[in-house]
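Have a look at the structure below before the remarks.
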Amino acid sequence: MAKEKFDRSKEHANIGTIGHVDHGKTTLTAAIATVLAKNGDTVAQSYDMIDNAPEEKERGITINTSHIEYQTDKRHYAHVDCPGHADYVKNMITGAAQMDGGILVVSAADGPMPQTREHILLSRNVGVPALVVFLNKADMVDDEELLELVEMEVRDLLSEYDFPGDDVPVIVGSALKALEGDAEYEQKILDLMQAVDDYIPTPERDSDKPFMMPVEDVFSITGRGTVATGRVERGQIKVGEEVEIIGITEESMKTTVTGVEMFRKLLDYAEAGDNIGALLRGVAREDVQRGQVLAAPGSITPHTKFKADVYVLSKDEGGRHTPFFTNYRPQFYFRTTDVTGVVNLPEGTEMVMPGDNVEMTVELIAPIAIEDGTRFSIREGGRTVGSGVVTEIQQ
């Protein structure tokens with residue numbers, strides 16, 4: 001079947017649902033697609049279709065990020081349903097890194113929970129520009145005052161992490177009722193999407209910068225070659241252009257992009273913000289891996305040593321309970337992958353306590369494509385214990 005071309009007439013934004021486990025992120029995602037489908041351009045998605053990663057059926061928790069698309073009158077949205085469970089923060093980091101804005105889902109019956117805070121912090125650290133709040137399960141709360149109290153709590157929490165808590169739109173509703181077709185609650189979903197349209201800024205596309213795409217996944221298509229998938233972080237890539245594969249390995253490798261597709265539709269080019277698959281000429285499946293980037297030749301280089309400003313999570317935020325010292329060896333999570341590195345603290349700083357801000361030097365065991373301003377998380381045993389930004393490349 002010939003693939004149809006992708007329509008670019010509307011502005012495009014990547015958004016996602018974040019929040020504590022079981023507060024209703026996936027139900028809300030299904031409700032948005034279902035309610036918008038009644039208005040035309042969107043294909044309805046059932047809860048099961050979105051909650052479709054294999055592991056989670058056993059545990060009833062969302063593990064992988066699901067991508068769905070829908071449209072409002074103003075925009076075309078690609079929506080990621082971010083995992084909400086602490087064990088799966090790794091995916092949350094990959095997911096949140098793909099957001100021009102987020103919908104923070106908080107159960108009105110429960111109020112903000114530990115992962116609510118963690119996801120707000122992660123959103124701040126991975127540079128999500130704006131959040132809109134959906135107070136879910138409002139049908140289970142009879143007390144108006146309780147709703148107001150929860151809303152105040154959420155606003156305070158957002159302000160604590162440098163989001164404008166007083167200005168953030170808060171929509172009160174019930175995703176489940178909307179999904180069941182209750183007209184009053186369907187309207188709340190439309191109100192939410194209106195808020196997303198109005199409040200989440202049109203993404204400043206980095207289309208004019210040199211091309212770069214972090215590789216999320218790689219697979220082979222028999223007879224066609226190797227495809228790398230990911231979200232274009234900046235620039236444009238046209239079919240026939242040359243790219244470098246950078247990071248993890250000592251040697252970078254050049255190749256030509258022979259095809260680009262998005263949502264199973266073929267494109268002549270892709271630009272910043274697009275989730276794409278890039279077909280690479282003459283590249284074996286094992287030559288590309290998650291954690292590398294595809295980039296315009298010469299535009300970004302692999303490095304192992306850099307200075308960074310780091311915030312170390314406090315114990316209450318789910319961070320370490322004890323201080324760390326020079327020669328601490330955690331994992332540094334860049335874009336899509338963890339790389340072990342050794343920490344060197346500045347002279348006069350003997351140790352770093354949970355909750356501290358610190359400038360440190362890091363030396364990675366494998367080279368990664370980085371530059372000033374590149375963000376990362378610090379993790380140990382799958383748990384986020386800090387986050388930082390590269391301030392100076394050293395080698």
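Quick reminder: no glycine exception, Cβ is built from N, Cα and C everywhere.
Since this is a predicted model, take the numbers as computed values, not measurements.
The stretch that Swiss-Prot tags with region 'G2', taken from the ranges 60-64, 90-94, 390-394, is 60-64. Between the listed ranges 136-139, 208-211, 228-231, Swiss-Prot ties the annotation region 'G4' to 136-139.
Looking at 3-10, 19-26, the range tied to region 'G1' in Swiss-Prot is 19-26.
Feature annotation (Swiss-Prot): of 53-56, 81-84, 185-188, 373-376, the stretch labelled region 'G3' is 81-84. Secondary structure from DSSP puts Lys25 (GTP binding site) in a helix. Secondary structure from DSSP puts Gly19 (GTP binding site) in coil.
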